[in-house]
Structures are given as structure tokens and as C-alpha cells.
Amino acid sequence: MTFALAYPHIDPIALQIGPIAIRWYALAYIAGLMLGWRYVKFLVARPPNAMTELEVDDFLVWATMGVVLGGRLGYVLFYKPLYYLENPLEIPMVWQGGMSFHGGALGVIVGIIAFSRFRGRNLFQVGDVICCAVPIGLFFGRIANFVNGELFGRVAPDVDWAMVFPGGGPLPRHPSQLYEAGLEGAVLFLVLFGLWRLTGIRHRAGALSGVFLAGYGLARIASEFFRQPDAHLGFLWGGATMGQLLSIPQVLVGLALLAWALRRGAKAA
């Protein structure tokens, strides 16, 4: 290795007010939810009008609960079940870190189903507009991972933009958090927005949800090739990581949903 970028070493605490510490991680979740909320309001103001703007305000509560509860429980069950079985009192301690996208996604899906039934809305139309906004939260979440110096990449001695992360040893590594912010966040957001602008796509309820599920799964599978596996899990079947194994069924479900939506055609208003 001849060169490595300097890791910026940003304090994970954005603001300290007496005993109260506000972390970048928390601000990332807040920014993702708030900007996603505004973006969904923009989307529902246009056909097929999945819900009203007031209902978007209501759904924000459902989404927040789904993300936090699902994300935390997903991490507990998928990544450290034995640890939390021995330390159950630490399960609610989300400020210590440890959230799972796949768990958060399941939590939001449950929220979408419950909200749609309660409000009498089309499940797939609601899902489509929510899925269009999710990459915003993913982008900020991955940036927060980078600020915290966590979920760093694999050793990359021959990559000029590699960084030496605190807690990652002396060797430079891929800044895989930024790769994920780009793929799962920015690129997926632009793809979904571009497809949403096509009337023939956004009126086919479920199509955008399918694109999101498959698109995120593919982006996650690709980025995992550069990301260091969780130390307590390592590589699993066939050299795959837990993130890849959880993403494979997501891709299949997304492709099936997309195919179903395209065959079903535009639903009458």
C-alpha cells in the first residue's frame, strides 16, 4: 500500500446539552423520516393519489414505530440472538447501535398493511409511495454509519480511496458505508423517481414496490462484497454474508411482485 485517505474522525455526538447527548445516528433517522415524509406528501398529491396529505402525517407515526421496533428486533434475531438471550435488558438500548434494515423493512411492511386496512386504502398504492421515499432514509443512515466509523469495508491495500477506520485495525479498508449510501440511497432513489414519472408504471399498483425490493436487494448483495462481515458471524453458506442471504429472498419477492403488477395492469381509479 502506498496511499490511504485519512478518515475524518467525526465526533459521533453532534450536540451535547448537559447530560443529554444528541448523536448523528439519531439525527440521521430524524432527517430520513422528515425528508421522506415531505417527499411522500409530494407524491400523493399526484395521481393515483394513494392517500391524502393528512393521512401521510398519520402514517409517519406508523412508519417510525415500524422502523425502530422492526429494525431493533431484526438485529436482535438475525445478528445476535444468543447475546441478547443472555442480555435481554439491552434489547431496548437502541442508542448503543444495532439496527437491521431487513427487520426495519418488515416493520414498515406490517405498518403499511395495518394502515391500509385501517384507512381503507389500496395496500400496493400505499406501499409504492412509501418505497419511493425509503432510499432517503437509507442514504442518511449509511452516512451516519460512516460518521460512527462502523460497518466498514474489507481490507483494500491497493485502493487509493481506502481508509484506516478506528476499530478496523491498521490496514486501509473500503469505505463501504459510502458505497451503500450511493447504491441503496442515491441510485435507488433516482431509479424509483424516474419510474414514478412514467404514468404507465406508477398506475400499476405494486410495480414500484417490486422495483424497490429487488433493487435494494441487488444493491445490498453487491455492496456486501466490499463490506467486512460481522465479526461474530463471519462468512456463512458458500462464503455469503448474512446481509446477502437476507437479500436473496427479498430480490425474488420483488421480482415476483413486479411481474404480478405488470401483468395485472393499471388498476381502475
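A Cβ is built for glycine as well, from the same backbone N, Cα and C atoms used for every other residue.
According to Swiss-Prot, the features are:
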TRANSMEM  17-37  transmembrane segment
TRANSMEM  59-79  transmembrane segment
TRANSMEM  95-115  transmembrane segment
TRANSMEM  123-143  transmembrane segment
TRANSMEM  181-201  transmembrane segment
TRANSMEM  206-226  transmembrane segment
TRANSMEM  242-262  transmembrane segment
Contacting positions for the transmembrane segment (59-79) when only residues 6+ beyond its ends and CB under 8 Å are counted: 29, 33, 36-37, 40, 51, 91-92, 94, 98-112, 114-115, 126, 130, 137, 230, 232-233, 242, 246
Stretch of maximal Cβ-Cβ contact with the transmembrane segment (17-37) [cut-off: under 8 Å; candidates 95-115, 123-143, 242-262]: 123-143
Folded-back contacts onto the transmembrane segment (95-115), same chain, C-beta under 8 angstroms, at least six residues removed: 23, 25-26, 58-59, 62-63, 65-80, 121, 123, 126-127, 130, 134, 138, 141, 148, 150, 216, 220, 246-247, 250
Chain residues outside the transmembrane segment (123-143) and at least six past its termini with a C-beta under 8 angstroms from it: 28-29, 31-33, 35-37, 39-40, 43-44, 48, 50-51, 59, 63, 67, 99, 101, 105, 108-109, 112-113, 115-117, 177-178, 180-181, 184-186, 188-189, 192-193, 196, 202, 205-209, 211-213, 216, 261, 267
